[in-house]
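Asks: Submitted below is the structure of interest, expressed as structure tokens.
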């Protein structure tokens, strides 16, 4: 029995990145021998065991053979006779097919170290094409390692382009899991660009793919193309926040523009509310968690309103705050502001512009929140009157605050 460290732990160690978890492959062992040594069997479909002390995963060396469609259509064969090289051959990319033995020696039959040095994401063998989920995995690795200048090998991209027919067979949960993990990387926009380059975006995210080729007014969008703007917005969101809900919301914020009749281009009046049903359909299909869905829909509906925040009347501001439920969920306002700032700065030439609307909305919410329902009830109001009076007083507080702001600005100009 021989044990080897494999996969991401070896790869990340070679890249001098933090190693978050370690996976092992065991050659020359049977399930009975693993159990006898105290390992716990956890693999439903594969012979995977947990170490009795470290709780790290140890998998028996295995091979896989295609038996049907999709990512589940495989027959696995695990046996003490399966070699390390055979086990590594079934892996997706050469950089993930390197093993390290207990003396620190690297076993690298598919030149993964060379591809790490040259920054290539390259498939190990043609068996790569048997699992459509690998299209998403490669796109995720491209996003994860974009800051290290990794790129997809041309022959791997060509193979990915041939695999799009099986993508609709992927379970929505698997598509979302890869997407969710990608949204947490520093360059999530690369994932969606790779999916577009290989033809997978149209199959998996048709709502986003439809934005490419849809023009916006050059005055406000020098990049013109709404698809390009969307990816720029996702990129900007990743610079502004680690919150994947905000990042996902920026992906969806302009999907309504794909519904604009061509004769109205490049104007997209009302695209925000129009996009809400599109966002809801996308989220339902991919089983996106409700908190992310809810933020994405309100960002789609209201992001244009936030861009003109300073010109909103106190009445409209209170309506906006109520619509996005910030009284009960104050953190949502910050998410909305970040998504809208990413939208405003996700444009060619606007990347370093300030977004004063953000501080204006934060201050406006602070002023409105200073009026409480307790104050209204103490003044003798009850029932439905409480809500009406609360809104009136909050509008009054905002009106007074806005006048002070305007007077202060006037005095500054005169000085």
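FYI, residue positions are counted from 1 along the chain as it appears here.
Heads up, the Cβ atoms here are built off N, Cα and C, so glycines get one too.
Swiss-Prot feature annotations, pasted as is:
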- 8, 11, 91, 137, 140: CTP binding site (BINDING)
- 8, 11, 91, 137, 140: ATP binding site (BINDING)
- 21, 23: Mg(2+) binding site (BINDING)
- 226-327: domain 'HD' (DOMAIN)
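So where do these features actually land, and what's packed around them?
Replies: A simple way to gauge crowding: the CB of residue 8 (CTP binding site) has 18 other CB atoms within 10 angstroms, across all the protein chains here. In the three-state DSSP scheme, residue 8 (CTP binding site) falls into the helix class.
Listed in sequence order, 92, 178 are the same-chain residues at least 6 apart in sequence whose CB falls under 8 Å from the CB of residue 137 (CTP binding site).
Long-range Cβ neighbours of residue 21 (Mg(2+) binding site) (same chain, at least 6 residues apart, Cβ-Cβ under 8 Å): 8, 9, 56.
Mapped onto DSSP helix, strand and coil, the domain 'HD' (226-327) counts 79 helix, 0 strand, 23 coil.
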Asks: Between residue 91 (CTP binding site) and residue 23 (Mg(2+) binding site), how far is it from one CA atom to the other, in Å?
Replies: 13
Asks: Three states by DSSP: which one describes residue 21 (Mg(2+) binding site)?
Replies: coil
Asks: Identify, in sequence order, the residues in the chain of residue 23 (Mg(2+) binding site) that are 6 or more apart from it along the sequence and have a CB within less than 8 Å of its CB; answer 'none' if there are none.
Replies: 5, 6, 7, 8, 9, 56, 57, 59
Asks: Let me know how many other Cβ atoms fall within 10 Å of the Cβ of residue 11 (CTP binding site).
Replies: 22
Asks: Let's check the environment of residue 91 (CTP binding site): how many other CB atoms sit within 10 Å of its CB?
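Replies: 22, counting other Cβ atoms within 10 Å of residue 91 (CTP binding site).
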Asks: Using a 10 Å cut-off, grab the number of neighbouring Cβ atoms around the Cβ of residue 140 (CTP binding site), all chains included.
Replies: 23
